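Under the heading domain 'Alpha/beta hydrolase fold-3', TrEMBL lists 124-244. Residues or ranges marked as transmembrane segment by TrEMBL: 15-36, 48-72, 119-139.
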């Protein structure tokens with residue numbers, strides 16, 4: 001090799017080293033300043049995820065200022081691109097999936113390969129979260145894949161149009177079109193029309209609740225159940241206890257005042273400022289009374305109540321935008337409802353108040369569970385960023401549909417007592433599998449349908465547990 005070539009190679013290596021060091025320093029800087037909201041499993045993993053999100057968010061906003069492409073477009077492009085390069089865990093052909101359009105709306109349909117081919121299947125129609133401006137069927141793919149695999153139900157994930165390119169009610173209308181088509185043409189999808197579940201996380205939970213009610217008003221076939229995963233249920237009061245407790249931590253770098261203000265203005269097509277929303281300076285005395293009368297609480301602090309509402313506040317009080325504020329009659333006729341709440345979440349109070357309203361009205365078949373995890377954890381189910389609690393939530397959701405399947409071939413979900421060991425490392429995962437291999441009767445007879453939820457081991461080796469021990 002000539003001196004000139006050696007010099008070029010050395011220069012390239014030096015350049016790459018410098019870029020790597022700069023990138024590492026930036027990421028480390030972001031990670032160091034991440035505040036963990038409280039005791040949780042894998043706090044370092046949380047700090048890395050949140051710090052990385054903060055870095056990407058800042059880079060996206062920098063590019064927006066330079067080239068004019070909105071930061072949320074860049075965020076969505078980055079997030080969606082992961083779907084094309086990731087290694088799908090547990091891919092043993094247990095779930096088949098494909099993309100298609102239903103009523104001009106893109107959906108991804110998951111069909112479990114381990115259920116009866118002759119019986120009609122339950123279906124879970126899923127609406128992704130992301131504040132109505134972020135997320136897609138791709139960002140939530142691993143979640144919906146697991147939901148189908150462990151419930152034995154078909155899952156139809158809806159790619160409704162995002163704000164700010166559209167506003168309310170377009171995301172709702174897109175979602176209703178899909179649900180109506182699926183229910184009207186259930187034979188095309190081989191699903192049981194009496195076992196239709198609506199599910200959504202965060203903003204998607206808002207959509208699930210609203211869509212169910214609108215279909216009920218139209219006297220469409222009854223929805224079997226609604227699964228609300230850390231749902232966004234109101235845009236009115238941003239000084240509820242969970243906001244005051246968790247907002248300072250800027251969970252995932254996205255749950256902050258600036259982003260929430262944009263979420264509200266983008267979705268409802270309003271013009272609130274950050275100060276107005278987060279000091280409740282958009283609510284008059286009548287607005288406060290309306291909100292607190294609905295949630296059966298007393299106003300604790302009347303010092304900062306303004307005389308006149310913001311010109312756009314009336315939009316936020318709409319029960320199709322803030323489903324928490326629906327009339328008692330609407331809530332009383334709710335179908336079976338599963339409410340998942342997260343300890344470290346500004347939306348925790350939304351879920352608690354919604355559950356309390358349903359409970360006070362003696363609505364049947366309500367399940368409320370709070371998980372010791374942060375908002376958005378269910379989108380992190382890929383190695384190496386998965387969290388044990390995310391799989392617990394999937395398990396509990398799956399149980400809603402599982403009993404409806406008279407099928408013995410569904411995989412069993414196994415959890416391990418040591419959460420720190422779970423998803424921890426390749427060595428830890430291998431050690432857990434070795435330990436499991438020595439389990440004796442009566443567990444051993446179920447080896448043929450065991451699927452251990454450890455991404456590192458199954459992702460590196462793509463192995464199944466032995467059928468005979």
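Cβ atoms are placed via backbone N, Cα and C, with glycine included.
A TrEMBL annotation is a machine prediction, not a hand-curated record.
Below 8 angstroms of C-beta separation, residues 72, 75-76, 79-80, 82-83, 99, 106-108, 111-112, 147-148, 151-160, 162-164, 171, 175, 178-179, 182, 186, 189-192, 195-205, 207-208, 211, 224, 227, 229-230, 232, 254, 259-260, 262-263, 266-267, 376, 379, 397, 401, 404-407 of the same chain, each at least six residues beyond the ends of the transmembrane segment (119-139), sit close to that stretch. With DSSP states grouped into helix (H, G, I), strand (E, B) and coil, the domain 'Alpha/beta hydrolase fold-3' (124-244) comes out at 49 helix, 25 strand, 47 coil. Averaged across the domain 'Alpha/beta hydrolase fold-3' (124-244), the predicted model reaches a pLDDT of 95.
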